[in-house]
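Chemist: Have a look at this one before I ask anything.
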Amino acid sequence: MEEQEREISDIDPPDHPSEAENGVMLVVSHSRGRDRGRAPLSVVLATVLYCAEFVSAAVLSSMYHKTNDEIWMGFTITFMLVPAVLTQLALTFIHRDVGRDRPLVLLLHLLLLGPVIRCFEALIVYFKAGKKEETYVTLSRKISLKKGRKIPMEWEIGQSERTLAAHRNAFKRTAVIQAFLGSVPQLTLQMYAAIQEKYNQPARVVLMIINLVSITYGALVCSVLAIHIRYDDYKVRIRPAAYLCMTAWRGLEIATRVTVLVLFSTALTHWVILVGMANLLFFFFLPWAEFWAKKGSLTQGVERNFSNFGTVVVLTLFTLLYACINVFCWSAVQLDFTHRELIQRKQGWGRLALYYCGRFVENLVLIILWYFYKKDFYEYVCAPLLVVQLLIGYSLSVLFMLLFYQFCHPCRSLFKHNVHDCLRCICCQKGTSTRQNQKPSYSTTATMVLGAEEPLNPPPSEAPDLTSQLGERETDIVEDLTEVV
């Protein structure tokens, strides 16, 4: 039953439930009548981004072939095929189609059309849902936050809703893979090619725009994943204003980071390899070093059906994706192989501050080195203004992040201290124990929890298991972008 709860965790309760009395859990029938629930818009969005990026990269590769740009063509095809193959493998692994009699689906995966057939399957399930009454297959229990009140809720989930949730979760995983193992290197390559050729083809511009949208969406997935993991026992609903704030935060962060690396590579080509590898290796070995320092065992935090070798392979790939994300933006989650969840539930605010401070200093050093070693191509560009714009852009991304936690975080009513308090170091003063015994006075702003606060999670006997990072159990990663409370 707990595994089923995790699978359908991104299904919404009804908009107008009956009121709970005396703390009694509400029982809501979500599978009766002709209600289809939410449309699988996240599935459609991920499929559209996948197809658009693949087609635009193929068109640009053909143009490189006509102009005999073999190097650009080779790298473009590589960054087009590698994430596409990984996406097929991820979808096949999550849906466990290898041992099932589905030859057409497997054939389409071999043709790199797996996301398309999966999207059609999700749409068919959605449009068929609600045409006839179906019995529920499981129950979902969450705590709903209504104007600062915690209302326990329980609602019934039908088979069609459970299937749609599985499709959403699978596509949200593949969106992260597509973004940081395909779109990021593709965007970096095309920006570098545009600077070297001193000409921007329309096809290249289209591909770069699609890459940036894909990366931003993948970063949004990571941000909301962190929220759902920390507040696993709550029904998290993210408003459009929060999505806009996160989009500005992530878009500016990624755009400025990629631009700085590309500019630095045009001035000091060989040194950028050292910078990139140093970042990648640091974030790759960081969770392993923490794991070895804690003297943990691999058998405690992985799928029980995996052998020791399979465990190491899966964790290595998982860590590689984690490292690639952190090279370009904050991953919003921290790996911890000593826990069954593989991800820390407690937010490391100190690590978050250290990451952004260190990244700002690194970007500053790289852009200054570019300024002194830039080539003649930039004689028609106002280099000092460009340096200032990049630094301001990254600072604005940090500002939008603070605004998100201050005003737009979906669980801000559960926090103890707001961003203003943290910036004034009020959290470091004495008397914390006295404030914990008193009811916190919340302003209209959001608040932020320091790492020393007690966790909000229920006891292990009441909390659902979280092992979906290896594909067994589905985890709610991100709500559809059009969801409105």
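Even glycines carry a Cβ here, placed using N, Cα and C.
Just lifted these from TrEMBL, have a look:
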REGION    1-20  region 'Disordered'
COMPBIAS  1-19  compositional bias 'Basic and acidic residues'
TRANSMEM  41-65  transmembrane segment
TRANSMEM  71-94  transmembrane segment
TRANSMEM  106-127  transmembrane segment
TRANSMEM  205-229  transmembrane segment
TRANSMEM  271-289  transmembrane segment
TRANSMEM  309-333  transmembrane segment
TRANSMEM  353-373  transmembrane segment
TRANSMEM  385-405  transmembrane segment
REGION    454-474  region 'Disordered'
Chemist: Should the transmembrane segment (271-289) and the transmembrane segment (309-333) be scored as in contact, given a threshold of at least 3 Cβ pairs under 8 Å and pairs 6 or more apart?
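Modeler: With 3 or more qualifying Cβ pairs, these stretches touch.
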Chemist: Which one, 71-94, 205-229, 309-333, has the most C-beta pairs under 8 Å toward the transmembrane segment (106-127)?
Modeler: 71-94
Chemist: Please give the sequence-distant neighbours of the transmembrane segment (71-94): residues at least 6 beyond its ends with Cβ less than 8 Å from one of its Cβ atoms.
Modeler: 50, 53-54, 57-58, 60-61, 64-65, 106, 109-110, 112, 114-115, 118, 166, 169-170, 173-174, 177-178, 181-183, 185-186, 189-190, 193, 471
